[in-house]
Each structure stands twice: as C-alpha cells, then as structure tokens.
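Look at TrEMBL and you will find 1-24 tagged as signal peptide. Taken from TrEMBL, the feature domain 'GH16' covers 1-216. The active site, nucleophile annotation in TrEMBL covers E101. Summarising the annotation, TrEMBL assigns active site, proton donor to E105. Residues or ranges marked as N-linked glycosylation site by TrEMBL: N109.
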Amino acid sequence: MKMGSSGALLLVAVAAAVAGLATANFRDDCDIPWEPQNAWFSNDGNDLSLKLVTNYSGCMLRTKKQFVYGTVSTLIQLVPGNSAGTVTTYYASSVGDNHDEIDFEFLGNETGQPYTIHTNIYANGVGKKEMQFKPWFDPTSGYHNYTISWSPCMIVWYVDSVPIRVFRNYETSHGVAFPTRRPMYAYSSIWAAEDWATQGGRVKTDWSKAPFVANYHGINLDICECYSYGGCSTSCPAAAAPYMGACQLSYAELGRMQWIQGTYRIYDYCADPKQWDNGQRPVECGLPQK
C-alpha cells in the first residue's frame, strides 16, 4: 500500500531535519571489541578495513551508541577473489539473554561463484527466519550500500536503496515475536566459518590467500539513542513511523522487492518445513510482509 501524500511529505521533512545528524565516523563513533589489530581507519576515520588473518583471528566493529528503532547503513566492498569460508557481517543486536538481532551476512564463495546475501531476525532469542539471495551485481568490484531500517511496525533490509525483505510487527495481533524493547548496537565483522558458510561447508578456506579484507566507506546512524530495556522514548522520527503513515512500502518499492525476491531469492524459511518447529508453518508466513 502506498503511503498518503501528507505522510510522504512528513517523512521528507523529518529526513531533511536529521540528515545533518546522521553521518557518523568509524573511528570516533565505533569501538573494535574483538581483534583491534585487524582493523584500520583511513580518510579521517570515514573509511574502514577489517581483516581476517587465520581461522581464529578476524575482527569486529561495534557502535558506541545503543538504540531502539532507527536506520543504520554503510557502504561495503566485500572480499574479492576466493572468499570461500569467510563471512562478512553487518547487523544490529542486543546483548544478554533472549537477545534480538537483525542480520545481514555475506557468505563468501569460490572465485567466479556468487556471494550469498543471508538475512535473518531473532526476537526474544528465537531466530530461524532466514532468507537468502544471490546478488545481482558484483559486491567485490566496488562499494554497495546495505541498510537496516527498524521501526515499531516493520523491519526492512535494503541493498542500494532497494528493499529486498520486510518483516512486519504482528506481535500484538498474531503473537509473532518482534523486537521492540531491547536496545541494540550496530556491528560489522569478518570471521571464519568454513564448516558451513560455503556450499554447506563442502568448500573450505584457502588460507594461502589470507589476509581476507572487507572495506567500508561511511556509516550513517539515524537512530533513537537508548540504553534502557523497555524504557526508551518513542518521540524520535524512527519510533514515530506508525503515526506518520510510514508503515508500508510504496508501490514502486514493493514492485522492486517482488522482482528481487522472484529473481534472486535462493532460500526462504517459509518454504522449508525442516526449519519449522513441530512441523508447523510459522504464523507470519501466511501474513502480508510488505
């Protein structure tokens, strides 16, 4: 459903108001909690490289700020050449038990074979909601934008401003768990997963090609900063989405998403009974996700 013109205008106004506040800096606005020696900054901290050296020495970046609702995005150039067994990630996650998480994971492959764009969501510690795509571009030859948009009504995964997946909030109406209360950090990492990442683990990492390097350019954080479980303000633009008519994709966005899913989606948990608990199809699989 297309949002009304007044809702669209309000979104444009809000976006313009926060645009100057959204741009962050990897060096100033993020920490490296794992293997900091494998990360380096350039271009005054606006560019970042993460390096995977061995099967136990990768790297992780984490924002200093936590948030409930918002949009986080960055440009990534993935590991070129033979990247089999490597995983580069960009995601948001809470900490502690029964965590919430919204995932982009990029699973490497043999030279000449496409990456897998893996998406998933955890709510109250429960995941198993994977959807995977093959890219319609070469993610190693240049930078591409990856965006996670989290509002009270839906989560949207974007690639180069094109929505590829939506997960709507059906918690109240249908009992489908949805992240609404646990503050998250945004993360990125590179790590080794040759036991499962490439063709089900059949293709192993060629460590003679190490180090494997993923490059980043620019990070944007339009977020509702929050550090308290269940006690965050709902007055910032991302949290106000339901009141701004911003709970549906436009017709154009919906059309692009349907084309991507019809052409480039290679896995959908809703079509895989082996992933279903007790053989029951997940409730949300029978509900609109747009």
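Backbone N, Cα and C define each Cβ position, glycine as well.
Around E105 (active site, proton donor), the C-beta neighbours below 8 angstroms that are at least 6 residues distant in the chain are V87, T88, T89, Y91, I117, H118, T119, N120. The distance from the Cα of N109 (N-linked glycosylation site) to the Cα of E101 (active site, nucleophile) comes to 25 Å. For E101 (active site, nucleophile), applying a Cβ distance below 8 Å and a minimum sequence separation of six or more within one chain yields Y91, A92, S93, S94, N120, I121, Y122, G127, P179, M184. Around the Cβ of N109 (N-linked glycosylation site), 20 further Cβ atoms fall within 10 Å across all displayed protein chains.
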